[in-house]
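Summarising the annotation, Swiss-Prot assigns signal peptide to 1-21 and lists experimental evidence as the type of evidence. The disulfide bond annotation in Swiss-Prot covers C43-C78, C54-C88, C57-C94, C101-C112, C107-C125, C119-C134, C142-C181, C380-C405, C510-C526, C513-C528, C530-C539. The annotation C-linked glycosylation site is assigned in Swiss-Prot to W48, W51 on the grounds of experimental evidence. Taken from Swiss-Prot, the feature domain 'LDL-receptor class A' covers 99-136, and the record attributes it to sequence analysis. The transmembrane segment annotation in Swiss-Prot covers 235-242, 265-272, 374-381, 382-390. Look at Swiss-Prot and you will find N277, N415 tagged as N-linked glycosylation site, backed by experimental evidence. Taken from Swiss-Prot, the feature domain 'EGF-like' covers 510-540.
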Amino acid sequence: MSACRSFAVAICILEISILTAQYTTSYDPELTESSGSASHIDCRMSPWSEWSQCDPCLRQMFRSRSIEVFGQFNGKRCTDAVGDRRQCVPTEPCEDAEDDCGNDFQCSTGRCIKMRLRCNGDNDCGDFSDEDDCESEPRPPCRDRVVEESELARTAGYGINILGMDPLSTPFDNEFYNGLCNRDRDGNTLTYYRRPWNVASLIYETKGEKNFRTEHYEEQIEAFKSIIQEKTSNFNAAISLKFTPTETNKAEQCCEETASSISLHGKGSFRFSYSKNETYQLFLSYSSKKEKMFLHVKGEIHLGRFVMRNRDVVLTTTFVDDIKALPTTYEKGEYFAFLETYGTHYSSSGSLGGLYELIYVLDKASMKRKGVELKDIKRCLGYHLDVSLAFSEISVGAEFNKDDCVKRGEGRAVNITSENLIDDVVSLIRGGTRKYAFELKEKLLRGTVIDVTDFVNWASSINDAPVLISQKLSPIYNLVPVKMKNAHLKKQNLERAIEDYINEFSVRKCHTCQNGGTVILMDGKCLCACPFKFEGIACEISKQKISEGLPALEFPNEK
C-alpha cells in the first residue's frame with residue numbers, strides 16, 4: 001500500500017497511567033518445596049473417554065477428556081489437548097450431500113458463483129478457476145476506473161477468542177467482490193479503494209483526541225486488570241487467559257510467525273518476544289522488594305469504521321470445509337480446535353487502526369534518591385507533547401528535545417536515560433508493519449530508550465497493517481451456512497462448545513492463594529498476585545517477618 005505515510009491531520013489519544021506496584025505476582029520455576037513454599041501442583045486431567053463410533057463420512061473416531069486441576073506453585077502446566085482422533089473404517093455408508101450449484105457455475109473449490117462472474121478478471125472462485133477457458137478478453141467490473149485493494153477492508157470482520165488468543169484465520173473471503181465495483185474514497189489520501197462484497201459499509205476516517213489522562217492504581221492486580229480489560233470486560237470473565245492453542249494440529253506452525261509472537265534473538269541467550277504470554281508474565285514478574293512504578297503509555301489511531309453484511313456473506317473455502325469436517329455428534333476436541341482457529345466470535349462491525357501501548361518499568365527508589373520526578377520521565381520520553389499526523393509528514397510538537405532527558409539541580413546533573421531509572425519496557429503494541437516491529441525490538445535489545453518518536457514511526461505504518469481496535473461481536477456459530485447439511489446440529493454444537501470452552505479453561509480449577517492473593521490462570525498455569533505485605537508463589541511469605549531478620553527469598557523472573 002502506498003498510503004502509509006499520507007494521513008490527514010489527526011489527533012491521537014495518549015493515555016498515561018501510573019501503575020504503582022502495591023501488588024506483585026511472585027512465581028518462580030526455580031523455587032522448591034525445601035524453601036518453605038507451597039507444595040507444587042501438577043496439571044491433572046481426567047481419563048480419556050471411550051472412542052466414539054466411526055463417523056462414516058469423516059472416517060474418523062474421537063475421544064476427549066477434561067482438565068481437572070491446572071498446574072500451580074511451580075507444578076507442570078496444562079498444555080496437552082483435551083481431544084484426540086484416529087482413522088477408522090466405517091461400517092455404515094456416508095450420506096454426505098453432494099454439492100449442486102444448479103444453474104450457477106461450480107468452482108474447482110466447490111464454491112457456487114453466478115455465471116455472470118465468469119471471465120471478468122476477478123478471482124471469484126478463490127483459485128481463478130472461473131477465469132479458465134475464456135473465449136474473449138476479461139471484462140473487468142471497474143473497467144478503466146482506478147481503484148486499489150484496501151488493507152482495512154481485508155481486515156474487516158476479523159474475530160477474537162473469548163480467552164484472549166488471536167485467531168489463526170478469518171472466516172470471511174474479503175477478496176470477493178461479486179462482480180461489483182463499489183468504491184470508497186479515503187479523504188486522507190484521496191485514493192479510491194474497492195469495497196469487498198462482505199463489507200456493507202467502510203468509512204475512512206483518521207481521528208482521535210489530543211488528550212493526556214493519568215490514572216493511579218494502588219494495587220498491581222488492578223493495573224493488570226486494566227491492561228487486559230478489553231479482552232475480558234465484554235464477557236464478565238474472571239482472569240482466565242489462554243494465548244497458546246492446544247487443540248489445533250497446525251497451531252505450532254501457524255503461531256510461530258504471527259504478528260503477536262515474532263521473536264528476535266540478540267547476543268547470548270537474551271530473547272525479546274511480542275508473545276502475549278511472555279509479555280503478561282514479564283509484567284507480573286516484577287517484585288516489589290525494590291519499589292517499582294509502572295508508566296503506562298497508550299495511544300490509539302482510528303483509520304476507519306466498517307459494518308459487515310448480515311446475510312449472503314461469502315466465506316473462505318477453508319472455513320466452509322472446516323465446518324463440513326466437524327462431526328455432527330458433539331466432540332469437544334474437534335469443536336475446540338475450530339474455535340481456536342477462527343475465534344469464538346467475529347466482528348459484525350467495528351473500528352480499524354492501531355494500538356500503541358508500552359509499559360515503562362521505573363525504579364521508584366532510584367528516582368527519589370536522584371531527585372527525578374514522574375513528570376521528568378514523561379518529558380524525557382516526549383509523552384507530554386501533542387502528536388499530529390499531517391498529510392505530508394508525521395511529527396511531534398516542536399518542544400520535543402532530547403536535552404529534556406538531563407535534569408539539573410542542586411549542583412548535579414542526572415541523565416534519565418542512562419541512570420538506570422527505566423528498568424525495562426514491556427510492549428503491548430498491536431498493528432503496524434513487521435518492519436517496524438523488528439526495528440522496535442532491535443532498539444529494545446540494545447537497551448535504547450523508546451520515546452514518542454517511535455510512536456510517530458509506528459503510526460506511519462499502520463495503514464499497511466491495521467488491526468481491530470474496537471468491535472461489536474457476534475458468535476462464530478452465526479456464520480454456519482443455513483443450506484449446509486446438518487447446519488442446525490453444528491450450530492448447536494458450536495454454541496455448546498463456546499460455553500464448554502470457557503468452563504474448561506476456568507480459574508475455578510486453580511487452588512486459592514494465601515493471605516488474600518488473587519489467582520490468575522494463564523496458558524494452563526495458575527499464578528498468585530500477592531498483596532503488598534506478602535510474597536511467594538502462594539503469597540505465603542510475610543515481608544514483615546523478612547524485615548525482622550528472617551532470610552529473604554529471591555524470585556528471579558521466569559524466562
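Note: Cβ is positioned from N, Cα and C throughout, glycine not excepted.
What Swiss-Prot annotates, mapped onto the structure for a quick look.
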residue : record                      : DSSP (3 states)
W51     : C-linked glycosylation site : coil
C101    : disulfide bond              : coil
C107    : disulfide bond              : coil
C112    : disulfide bond              : strand
C125    : disulfide bond              : coil
C405    : disulfide bond              : helix
N415    : N-linked glycosylation site : strand
C510    : disulfide bond              : coil
C526    : disulfide bond              : strand
Residue from C107, C142, N415 whose C-alpha is spatially nearest that of C101 (disulfide bond), among the recorded positions: C107
Spatially speaking, which of the recorded positions C78, C112, C181, N277 is closest to C57 (disulfide bond)? Use C-alpha to C-alpha, please. C112
Of all the disulfide-bonded residues given, namely C54, C88, C380, which is spatially nearest to N277 (N-linked glycosylation site) at the Cα level? C380
When you scan the chain for residues with a C-beta under 8 Å from the domain 'LDL-receptor class A' (99-136), skipping those not six or more beyond its ends, what do you find? 173, 175-179, 314, 316-317, 320-321
Does anything in the same chain, at least 6 positions from C112 (disulfide bond), have a Cβ under 8 Å from its Cβ, and if so what? D99, C101, G102, D104, F105, Q106
For a quick check of understanding: among the disulfide-bonded residues C54, C125, C134, C380, C530, which residue's Cβ has the most other Cβ atoms within 10 Å? C530
Sequence-ordered list of residues in the chain of W48 (C-linked glycosylation site) that lie 6 or more positions away and have a Cβ within less than 8 Å of its Cβ, or none, is R63, S64, R65, D84
Using DSSP and collapsing to three states, where does C142 (disulfide bond) fall: helix, strand or coil? coil
Going by Cα-Cα distance, which of the disulfide-bonded residues (C107, C125, C380, C513, C526) sits nearest to N415 (N-linked glycosylation site)? C380
Least Cβ-packed of the disulfide-bonded residues C107, C142, C528 (other Cβ atoms within 10 Å) is C142
Overall pLDDT for the domain 'EGF-like' (510-540), taken as the rounded mean: 89
Counting across all protein chains present, how many other Cβ atoms fall within 10 Å of the Cβ of N415 (N-linked glycosylation site)? 12
Could you check which of the disulfide-bonded residues (C54, C119, C405) sits closest to C107 (disulfide bond), going Cα to Cα? C119
Sort out the sequence-distant neighbours of C119 (disulfide bond) for me: same chain, 6+ apart, CB within less than 8 Å of its CB, listed by position. D130, E131, C134, E135, S136, P138, R139
